[in-house]
């Protein structure tokens, strides 16, 4: 049997068979459980259920982010319409009609477009579900053609998957009627699909996905029969006239969609406008700021809704929607930022970011209309939610995403990394990042879901690391960092557009230096209003999202830009003072946006108080070992001080570091103890030490035992910062503790002698004050019963008493003994001993001088008390002290009086002696002697007087003369009148002389003289010469005989007086005998005649002797000469010839002088008048007068004219002429000539004179320099520009810089001090000179600089003295104020033996040793180290076992006293180094430390001995250095004076080789040129003419030519011609540095002649800088129509007068190749130096040769000191270094042998003389240093090898082996 079963093994019966469907597979089996013998196949069909289509929209659109999906559903239909209308050439119109009027039928939505329509086949393809456009047509993908790329991808290629339209239809309703027509077909195709039809076919087992397409004519609606579809009639009727169209009629609208359309029609239109915004409005969107153009797309999407009447239908064009989101985004944005993103493989995304600024009181970022605002949550993210919601965008993403131009609503991109807000250091406030919106435009390269709600992977692709973002400008990519570009753009937007904060209370505009850019202007305000809240200055605020969080008080608010009142701003900055200030002490500025607006004052204050409690508050001091030091304690000197200190905060907690401050670090704390001594000179710091923190002891200070100064002290314990040593932390003083104590003196230990006057006088009591001191040298109370002992060899000493109260004084000490004289004291050593003291004896050096005056000692020079009358008596007076020594004292006067004479005093104050002399002139009676009393008395002491008796004898001098005549017995008396016959002789006259005793004095030749020629022999016998009586009765003679001044003189005189030119007329006979025939009336008959005789004054006077006197004879006119006078009386006539001379000088006449005209004479200032003035002296009638008694002077009007004349006084020659040359200062003057005779003035002529300013005369030096410049020691002087100002006021041109000198000296403004002359003056143009490249003096101080100009031998012209303050240079090292010798210390308990340095002041100095530490504070760290290369020694420690101590450095100075510790010694005999390292508070270049070597010894006595030897060694070293410096100075000066100056650069021609009498010289020898470049080009330019010989005449030139056989080039001087009217060439100075070549020449002699020669050779040739300047200069000259001469450049180029340049002939060869070159002139100072050079050379050579006795002595003394130094160095263990040069030059075997020998000596002698390992190591170090200096590894290796051999005791073997070599 068989059974039929299904594949499920169900047995069939008749009932079940009926239920089978066609096509079912059955099995015929033996039983239902039979196994299949083989595999079988079953055919099935799996057609989808129609719900796949009808309910697809329900599941596709349910998740639209909470928004109604209807707009996105309609968008699917609009996409199809846009795709259908893409090829329209005219308007593209899409209508969405919503029929909600029930009277027209059931509700329906109609989507109608005027696109291309669909054919019947295309309509069938549309109906197939998920038949995409890639599979339509021939079902080949290649049939689809992708549209070309367009901006924003607005290609309308939106109908894509074949799904959206069907899903949208069945989401909206349950039935759809597709009505379409193409332009190529006349028929309308219509297809209806509905859910009802699907269900019906399914129930009838028909093919569900099948149907029919109705083809009909347009407008035919006969097939519409249902009433609920009446609205279709009008739709179909409108088909008439349309070329193509498509209408989608959806019916069976679901209720929720109907409700949404009715109630949210505006939302629907707004969302659709958002989706298709850029299709409607174009690529730029609906931008109201851009003018509307015709380029916008012509697409109209219109929504129409018809409701039941009376409600009016609504029609909205999406282009008219204004509040869609894209419109809001676009029109609220202030600026845009475009970019592009390129993804792999070929995806491109266009992006736009828009900025929506904050304006005044609100954000402008658009909000979605009718969007519900989220309320902040209350979970842990409350703050973030609140901040997000408070921002503009909130939590919304930035970018909306568009695909092929339409919105993909469910895909957004929140942000990219480059446009996201950074976590820190944001350039703008964080809310600025929430004010941006954006749009991303993609094409179909990026996949979207079938419902076009979501991109599939856009976000992932854009955020892929391979995606490249670039900035786009006008559609073009711009290279660069997009993050930087975006940040700059965002910053600009924030600054330019945001008006977020209202700034109030404008204060000022400032410049901020804390910013690197945008430093100015910043407006400051006192308050802001932000987000409805007001913040003011002084208010507490807290920052938000800063690192760290700031708490502080508002100082002010800052806004960038120029503002002058209240304004709005983007945010700006707020400046706060961080609180607590004591912790931070800083101001901080940050963005206003970072103010935490949620923070309250209570929270802020609480945080500030917490931080305040962490600060150090006080110091807790403890005293260990019971050594309590209470306040104001009194302790003896040497007491120890030590304590423990703990730093506590306000909570009482111990702390060792500061709390973290602004820098985030916690500075560690130390405690500094400072012991300050309050002395009379002020406060000095005795000790300062910083204690670090120890966990066990906190801050521990070791005991300080150097409290040895008595007085008051202050101990200051203060907390300081470890790093800076500052006691102030952020302007808050750290806690401190201060107490005072007093140190008093200890017990008496020694005494010292107080400073007393070392000069002691004999017998004058004096006191010896003693100072009793303790062990530290402090004055202390003397012990009782001290007895002094005084001893002095050669003197008797006594004392009166001892004062032993507060001090110890020996009173009434007197010394007695002999001294040399009054002014030379004698030195004595006075020993003072006090028994009972440790140091009980001191030596007082005294100088003993004579004592007070005690007696007088008087002696006479002749040792006799007898004197002759009329002579002077002389006494020698001496004042003696008590010991008989001559003494001199102030006001030591001795009174002396001789009887009958006035008293007199003698001053013995200076020498103690005096002389008293007085002439004795007594009236001797009867020739007898007289006795006088002489009294001497010391005025200061009435007890000292002396009385002497003096005998006066008659004098032997002549006192009387008798004159007598032997023959006539006449005795003449004085003034006797003698009448003697005329013509007679007075004969036999004698004279006698007598003395005071009446004794006749013998005559001799010594006392007799005579005025005339007389017989001296007769005169010596007492006989006078005969006297002849005149023959004229009227004549009178006077005779006198005198004895005067021990001589006899006799003379006579004859006096005749006349007042007029008179004559006497006498009437004589023929024998000339006088007659008496003349009578008085005859005078009326007399007359006189002569030429020029003035007769009005002639008078004839009768005389008693029968003669007539003629008076009043005077000639009034005429020339001088002989005149004949004719006297007539009756018939008598007499002729007399007289010589008439010029009359009395009456006037001066100007005979000749300069060319005179009406114009004033013009003279240059200080220049002589070439033509002299010739002045004639005349009488009143104009006759030249020869009177040489007249003096002529030249006066000026007005005053101020200086006149110099070359004539002598008196100026007149025999003819009365004078030669006068005048010079004067500038101005208009009148020159007056005036004479004088016997104090009577004689008028003279006057000349008008105009003195002109001399443009070539230097009168002033104007110096300009950088006055504010800083003159640092050792630096270089700034440029000094010196202008030589002429008398005219203009600069003097073409002066050689060699004439200018610069002087520099230190001290007062006078060059009498040591003056340094600086040369190196360079010329930069014809007007100015400047000095440069000179080193500033290395020593600081006030200097003066002065410039001088000396041309030839004129008086130098000086500038004003310029004060220069040379200041210190940059600090470089630490150095002591005065150099100290190397100290030595020993291992001793006595601190005096352990003191390394005491009261040493270290200063910060510059490289030249000048103090340079002003304003620099810090510390000096002192440590002890070993010498270089030896680190194995035991290092001594300082006091308190410190390896390092620190001393405060104040204002660049530190006073240092350090000592070593007593219990940690060093190695005996070792050398160590004290290293003083400066550490400054402020950042500074590291300074070099100061190193002080010292020696350490175990024995204090040995230490003292070595210290003395070291000190002596330093003295010897300094002395030798001084001698060497002196000799080096002498050698340098000699080298300077003997140095060869370049007088001639190159010349091989001897000067004046040809006939010096007939020729000048060669051209090359006639001049010198100071400028090397000018000398080079001039010598080349004139070429062979350099060796031309200049002959004085043509004959001389021909003679030279003949003698040289025509070889020598010659030039005749008298054949040189220069045109007299040759114009002077005008140089153009304004733009070029030009100089006429001839101005460079300086002539040695024959200046005028040489100038003429060189003018002929050079002409107007010009020297200029370079070829470019030459060509430019020539062009300017030719442009002015001026011929241009030849131009020579300083670099050797030539431009001829024709303008030709270039080529070898116009290029100068190098100076070294020229045969002849002009020499350089001698400097002005050379002439003066040359005059003294020979003497200087002789003296200096004498010095250098060491031949003078003085220098020979200096040399011997230096050699002796060197020998002493060598001996001391040997005793100290030092060595003189070997001559390393010898080791370098003597190489080979001999060098090895020599070096080996030295090595042997070093090591062998070490063990022979010293066993100390330290000394051995010391010599090894010295030898190692020697090896280093050789710079040869061989020697170093050999040294090591030798040392090893020595240690192996095989030195002798090696030595023998090397000896044969």
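First residue shown is number 1, and so on along the chain.
A Cβ is built for glycine as well, from the same backbone N, Cα and C atoms used for every other residue.
A quick note: this is a predicted structure, and the numbers were derived from the prediction, not measured.
Range annotated as transmembrane segment by TrEMBL, chosen from 1788-1806, 1807-1825, 1826-1844: 1788-1806. Count of Cβ pairs under 8 Å against the domain 'SMCHD1 Ig-like' (856-939): among 323-495, 616-744, 752-848, 1374-1499, the largest is for 752-848.
At the 8 Å Cβ cutoff, the domain 'SMCHD1 Ig-like' (752-848) and the domain 'SMCHD1 Ig-like' (616-744) share at least 3 close pairs (sequence separation 6 or more) and count as touching. Here the domain 'SMC hinge' (1566-1673) has, by DSSP, the following mix of helix, strand and coil residues: 53 helix, 17 strand, 38 coil.
Residue counts for the domain 'SMCHD1 Ig-like' (1374-1499) by DSSP state, with H, G and I taken as helix and E and B as strand, are 6 helix, 62 strand, 58 coil. Each residue of the domain 'SMCHD1 Ig-like' (856-939) gets a DSSP state, and the totals for helix, strand and coil are 0 helix, 44 strand, 40 coil.
Each residue of the domain 'SMCHD1 Ig-like' (616-744) gets a DSSP state, and the totals for helix, strand and coil are 3 helix, 77 strand, 49 coil.
Regional average pLDDT for the domain 'SMCHD1 Ig-like' (856-939) in the model is 81. Across the domain 'SMCHD1 Ig-like' (752-848), DSSP helix (H, G, I), strand (E, B) and coil residues number 0 helix, 52 strand, 45 coil.
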